[in-house]
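> What follows is a structure written as structure tokens; I'll ask about it next.
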Amino acid sequence: MASADKNGSNLPSVSGSRLQSRKPPNLSITIPPPESQAPGEQDSMLPERRKNPAYLKSVSLQEPRGRWQEGAEKRPGFRRQASLSQSIRKSTAQWFGVSGDWEGKRQNWHRRSLHHCSVHYGRLKASCQRELELPSQEVPSFQGTESPKPCKMPKIVDPLARGRAFRHPDEVDRPHAAHPPLTPGVLSLTSFTSVRSGYSHLPRRKRISVAHMSFQAAAALLKGRSVLDATGQRCRHVKRSFAYPSFLEEDAVDGADTFDSSFFSKEEMSSMPDDVFESPPLSASYFRGVPHSASPVSPDGVHIPLKEYSGGRALGPGTQRGKRIASKVKHFAFDRKKRHYGLGVVGNWLNRSYRRSISSTVQRQLESFDSHRPYFTYWLTFVHIIITLLVICTYGIAPVGFAQHVTTQLVLKNRGVYESVKYIQQENFWIGPSSIDLIHLGAKFSPCIRKDQQIEQLVRRERDIERTSGCCVQNDRSGCIQTLKKDCSETLATFVKWQNDTGPSDKSDLSQKQPSAVVCHQDPRTCEEPASSGAHIWPDDITKWPICTEQAQSNHTGLLHIDCKIKGRPCCIGTKGSCEITTREYCEFMHGYFHEDATLCSQVHCLDKVCGLLPFLNPEVPDQFYRIWLSLFLHAGIVHCLVSVVFQMTILRDLEKLAGWHRISIIFILSGITGNLASAIFLPYRAEVGPAGSQFGLLACLFVELFQSWQLLERPWKAFFNLSAIVLFLFICGLLPWIDNIAHIFGFLSGMLLAFAFLPYITFGTSDKYRKRALILVSLLVFAGLFASLVLWLYIYPINWPWIEYLTCFPFTSRFCEKYELDQVLH
């Protein structure tokens, strides 16, 4: 026992252990007890705790943790993951802006609203205007945390500029010593300047790839320049304020500096603002109003010479960063204007402004607003331009004007002689293709979307007439054509048609039973595919005969209507599914679709051919519902596309900056679909293309934004009347031909309902928050009811109100809207 105590009682003892038995008897291990330190010494060993809580967390650097931080920043315990229904409810509430923890985003929405209102709807109130000119109060800035604001400095986010030489510029020529990283607040000083560390060696340069040098050489040869000048141009014209990552200097720092400037966490990166495009433009007059005594201040209190700062020079001696960016690039990078909520492009045109008295809560919401990138606007404009150019190059341009274009030509018709024929075509003042080509491309056209009663009656009458037709054979055996008896010359031709029991037929042989009518160049007795035999005997009704794909190999069958040379076949003419049996020349002159393999109009489906795109699942039932949204990407011509591009690059782009691409794209597409759906109901036989309903839906968004920012504007009634005057003017323009006012009206209604639900909203208190939730629910329910009623009217209860034509084409003169649509009244 004494030996055990001597060797240390704190050592583990295991009975029967071989290691313990082999221990030398004279070996003794003495472990001194831990010395108790004085409270003053213990506190002095800890790192000094900053009084400012902004130093507890750094965006750019990571501080070494002390004992005083371990208790405050403990790892959170495990929590149960939220259920799917809770996640859906939370995401939905955040989307509509009615969640309880959405205060931060609501402030962003409010700031965007003020920016937009100041541009679109006139002057703001004085308090709001002053608040917009002040910096953000919620986010700590460089001037507020490190030094008083000496001058107006551009903010440049440069997360890679975090070297030791910048943090400790006084130690450039002295031995390096370990320092804890000090990064003030949310944004470090290095984020506002572009200074690289490292003074020991030159920067590394990235080698030029072979492909890049090849492209440079090819471009030089095309321009007639020397290849050596093109390859050396890169080295001579490297003028940039920020070097690429491969050009960065290596920091001669120790392990601590390498650790604290390695990577950024997800939370830190999300908190860094994108201030590259939010700063004012850099110019020579930028520091003109700054006194000579005022200069930027570094983190250690060292004044930076203004000349060196404005010139883009490094802080330390011997450092070079290159030259400044070109003036155009700087203007593009630093002079991006924010979009004020309630003020935008239209408000800037109409000289709107905020009112003078606005609460501090609303001011904070307006202050934190930022602008989105208009990705949807750029994508939509690119698609519109490309599709319009392809359509023009493929289908050409129709006659330009507002009237009807008449073309007369001598064409070979059914009787075998040339006749003077007129082709009437509606002129297109948009400088684009004809209406027939637009329908074939996917324009809004009701007969291609659902079954139309008038067109069905037209097809039924044509088939009744075809049952009484026969084969008109020329007496000189020059040819034959399927026609009526009244159209067949009694002196120059023979009309071949058997009645019920007349004609050569064998009553005993049912397979050789003579049909009740005759079709030129088709007979069930000579057709081998499909053959008329057994259970597949062709009926007496010729309108139910199939297309014969294979005839019997015989030069002379003895049948007059088979041995003749056929001159006319079915041709689909017009946009209503009308069919005529005529010559190929006449069909091409009338811009129809000639069917070479068919002999009867009942064997072809003209409406399926006229509509184009994907074939109908059932040739008798149109089902191209996708025309409702496909027509949003088509235009009637070059001028139409230019008008859409101007509208999108002003109104749509401005609204997308405010609300983001996802919200604006939903409003744009749904309002356009609703407008086209209503136009298909009330104007079924008119081919319409273009985003007319979508554009008026965006105009409705301006009204909704005006209503939501009513308390912020100095003169809201003036802004309302100005917007109303613009919409009224556009509605009057819709009374002209080729402009769809029905799509405008319903697109405006649907856009207003969707804007109340999806656009950002500024809350003016708790009651206003609950009012917003009720407004979202009511708006979505009303829109769903409107859309469902339009679908029912289109498919189940079709309506035909001729008087509604005056809303989209008012007859200012007797011939202004006459025959605007060819064959509008079907006979």
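Just so it is clear, glycine is given a Cβ too, placed from its N, Cα and C backbone atoms.
OK, Swiss-Prot features for this one:
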- 1-381: topological domain 'Cytoplasmic' (TOPO_DOM)
- 1-86: region 'Disordered' (REGION)
- S60: phosphoserine (MOD_RES)
- 64-76: compositional bias 'Basic and acidic residues' (COMPBIAS)
- S83: phosphoserine (MOD_RES)
- S87: phosphoserine (MOD_RES)
- S293: phosphoserine (MOD_RES)
- S295: phosphoserine (MOD_RES)
- S298: phosphoserine (MOD_RES)
- 403-627: topological domain 'Lumenal' (TOPO_DOM)
- 649-663: topological domain 'Cytoplasmic' (TOPO_DOM)
- 708-718: topological domain 'Cytoplasmic' (TOPO_DOM)
- 740-744: topological domain 'Lumenal' (TOPO_DOM)
- 766-773: topological domain 'Cytoplasmic' (TOPO_DOM)
- 795-827: topological domain 'Lumenal' (TOPO_DOM)
> Counting each residue once, how many in the topological domain 'Cytoplasmic' (649-663) are helix, strand and coil under DSSP?
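Counting residues per DSSP class in the topological domain 'Cytoplasmic' (649-663), I get 14 helix, 0 strand, 1 coil.
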> For S83 (phosphoserine), what is the secondary structure by DSSP, using just helix, strand and coil?
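Note: S83 (phosphoserine) is coil by DSSP, not helix or strand.
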> Six or more residues out from either end of the topological domain 'Cytoplasmic' (649-663), which same-chain residues have a Cβ under 8 Å from its Cβ atoms?
112-113, 115-116, 119-120, 339, 341, 344-346, 371-377, 380-381, 695, 698-699, 701-702, 705, 758-760
> Other than its close neighbours in sequence, what residues sit by the topological domain 'Lumenal' (740-744), given a CB gap under 8 Å and a spacing of at least six beyond its ends?
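Beyond its ends, the topological domain 'Lumenal' (740-744) has Cβ neighbours at 672, 675-676, 678-679, 682-683, 686, 688, 692-693, 696, 730-731, 734, 804, 807-808.
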> Across all the protein chains here, work out how many other Cβ atoms are within 10 Å of the Cβ of S87 (phosphoserine).
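Cβ-Cβ neighbours of S87 (phosphoserine) within 10 Å number 11.
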> Using DSSP, break the topological domain 'Cytoplasmic' (708-718) down into helix, strand and coil residues and give each count.
4 helix, 1 strand, 6 coil
> How many of the residues that make up the topological domain 'Cytoplasmic' (766-773) does DSSP mark as helix, as strand and as coil?
8 helix, 0 strand, 0 coil
